[in-house]
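Going by Swiss-Prot, these are the annotated features:
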type	residues	note
ACT_SITE	Tyr140	active site, proton donor/acceptor
ACT_SITE	Lys168	active site, schiff-base intermediate with substrate
BINDING	Thr51, Ile209	pyruvate binding site
SITE	Thr50	site 'Part of a proton relay during catalysis'
SITE	Tyr114	site 'Part of a proton relay during catalysis'
Amino acid sequence: MSYQDLKECKIITAFITPFHEDGSINFDAIPALIEHLLDHHTDGILLAGTTAESPTLTHDEELELFAAVQKIVNGRVPLIAGVGTNDTRDSIEFVKEVAEFGGFAAGLAIVPYYNKPSQEGMYQHFKAIADASDLPIIIYNIPGRVVVELTPETMLRLADHPNIIGVKECTSLANMAYLIEHKPEEFLVYTGEDGDAFHAMNLGADGVISVASHTNGDEMHEMFTAIAESDMKKAAAIQRKFIPKVNALFSYPSPAPVKAVLNYMGFEAGPTRLPLVPAPEEDAKRIIKVVVDGDYEATKATVTGVLRPDY
């Protein structure tokens, strides 16, 4: 598996981790969730990312999750494994373990958080991870969560590494445009911002690594199809209706809102693990009205005037 496997993936879902009320992983809930995603235009699946609440998962739990999902997916779509932390040595050891585990198109490695490395420190961190195994690496650049930002210039240095095949970019559309304009041909650029997917695809991005595709994959697929067919009027009309849903899904720390919607839809997404908590009941009801029912009046009570948490 390689760049070519992922090149065809426009909608990659950053999969939640379903939990029981006691906080243990609900493995019995995973098959229905996976089939739902595949039935609604998910082209690839990211495991043990931020939406999976990876900071609260042990490596052993992540490996159990990997095995369970691989068995269910059975090669139908490419899988990406979250492999990075803010500890370079730990990241190297885990990426080696995941590479030996097998079955993944790539590993996703986040920009180191909390310890605030320099650009050179970040470059050396990702180079060391990419050098450690033959598992292709996608970099996750999300300064809203990690405080520091990998600049486009540093990203392009890393893009020359033969084992670094892409980026999940959550900075600005200006940075994304620069990367798309100057990147090597076989380097994937995904947006990690659902609300920016329309703009990113029009700039030439390869796709989106998405939370909203858990609940609104059909709309995203329809919008991307319209863009591919140069029907901008249709694509923009879908985007206008999609944005309030995205805002609702991120009106409370993620993945609490999407889990609330999935639970309402009949899937056993369960609660979040501390320190995240479920959305309050009244907020959850409003989120569901927007995301499921398209009740945009509920948007005003849910998201208007609320500073959306970074995800």
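Backbone N, Cα and C define each Cβ position, glycine as well.
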Cβ neighbours within the same chain of Tyr114 (site 'Part of a proton relay during catalysis') - under 8 Å, at least six residues apart: Asn86, Val146, Val147
Rounded distance in angstrom between the Cα atoms of Thr51 (pyruvate binding site) and Lys168 (active site, schiff-base intermediate with substrate): 14
In three-state DSSP terms, the structure that Tyr114 (site 'Part of a proton relay during catalysis') belongs to: coil
Integer Å distance between the CA atoms belonging to the residue listed as 'active site, schiff-base intermediate with substrate' and Tyr140 (active site, proton donor/acceptor): 5
Whole-number Å value for how far Ile209 (pyruvate binding site) lies from the residue listed as 'active site, schiff-base intermediate with substrate' (Cα to Cα): 7
Distance, Thr50 (site 'Part of a proton relay during catalysis') to Ile209 (pyruvate binding site) (CA atoms, angstrom): 11
Conformational class of Lys168 (active site, schiff-base intermediate with substrate) under the three-state DSSP mapping: strand
